[in-house]
Amino acid sequence: MTMPAFEISKTFEFSASHRLSGLPADHKCARLHGHNYTVRVQLRGETLDPVGFLLDYGELSPVRDWIDAALDHQHLNACLDFNPTAELLAQHLAGTVRQLVPIPDGVRVAVGVSETPRTWAFYREAEAAQ
Ligand SMILES: Nc1nc2c(c(=O)[nH]1)N=C([C@H](O)[C@H](O)COP(=O)(O)OP(=O)(O)OP(=O)(O)O)CN2
Ligand SMILES: [Zn+2]
């Protein structure tokens, strides 16, 4: 059963180039191209702290610093060890959020990656077994 929950999110932006492997040679995304990416980090949980925060938005600042240093104005194929699809970027960023941010117990992380104003790919952590 899904419990009522609070959800917060913060967005980050970066620009980068990539090409996708495993596609037919004539697929447009097999060619070198770039995007102005938007990343949305979402946190979902049932319990607030005494202030009324799920997590202070400011605690997500290390994610911005990491994106600026690791992804912004980079060629993603050169700095990541996986095919840089939006789905796999979202999964990678969710793991990075876990490493950089003190996520309260019971809070689940989801990350969305948008390459164009019309597309989003999300990776959501599974709910813990009850
Ligand atoms: N499921 C996914 N599909 C595609 C991805 C992806 O990461 N996951 N990536 C690409 C390309 O990198 C690029 O984003 C092209 O996207 P697309 O929406 O196809 O391109 P356009 O903006 O030109 O859209 P049109 O509808 O063709 O105008 C492709 N697919
Ligand atoms: Zn692309």
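Cβ atoms are placed via backbone N, Cα and C, with glycine included.
Checking the candidates HIS18, HIS27 against TrEMBL: the one annotated together with HIS33, HIS35 at the Zn(2+) site is HIS18. Residues ALA16, SER17, ARG19, CYS29, LEU32, GLY34, LEU76, GLU115 surround the recorded Zn(2+) site, their Cβ atoms falling within 8 Å of the Cβ centroid of HIS18, HIS33, HIS35, which are themselves excluded.
Here GLU115 (active site, charge relay system) is compared against the recorded positions HIS18, CYS29, HIS33, HIS35, HIS73, and the shortest C-alpha distance is to HIS35. Cβ neighbour density within 10 Å is lowest for HIS73 among the recorded positions HIS18, HIS73.
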